[in-house]
Amino acid sequence: MRIYIGVDLPAYVKQSLFESQLQMKKLGLKGSWKPMEYLHITLEFLGETADESIPVLAKIIDKIALENKAFRLHIDRLGAFPSFPRAHTLWAGVGGSVNKLFELWACIHEELEKNGFVLQKSPFKPHISLLSRPKELVDLSSFSLKRPGQFTISEVIIFESKQVDGKRIYPALHRARLKM
């Protein structure tokens, strides 16, 4: 099964980002829009992972959750990978206690490596994917994302990424609550 570890967003943040997606659609942007219910921040993508590794992953994030406190973020800006002129992904960036998000990622990354998981070598760039494979980019220089205010990141989640009826879904397999 395809696995990643991430953090979920509160419903009001997802709604705000969805409204921004609708505004971008009205500007003529087309591509693979991320469904509102699955908007999240990926901390570590593991890819194909054996079923028997899930309990090991659950123990790892349970341990890390006990060592890390909940923190607050906010929606920051619209960005693109690799850049706006050649974008393959449009995303929402985050601000606030981003250092806490990096600390959480570093703890997870280190523990996964210690436990023999093969990890991606690319640097961690916290973001929320909004659109993949845009067909034609429009000028977004004056576009501003809706900003719903601060929100709390209070848990780490192991997600499965799977195809069902031609659509990708991301059910949560395990949740670990951060300290309050």
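All positions are counted from 1 along the displayed chain.
Using the three backbone atoms N, Cα and C, a Cβ is placed for every residue, glycine included.
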Request  = Can you dig out which of the ranges 40-43, 80-83, 136-139 TrEMBL describes as motif 'HXTX 1'?
outcome  = 40-43
Request  = Check each residue in the chain of H127 (active site, proton acceptor) that is at least six apart in sequence and keep those whose C-beta is under 8 Å from its C-beta; list them in sequence order.
outcome  = I41, G79, F81, W91, A92, G93, V94
Message = Restricting to the motif 'HXTX 1' (40-43), what is the model's mean pLDDT?
response = 98
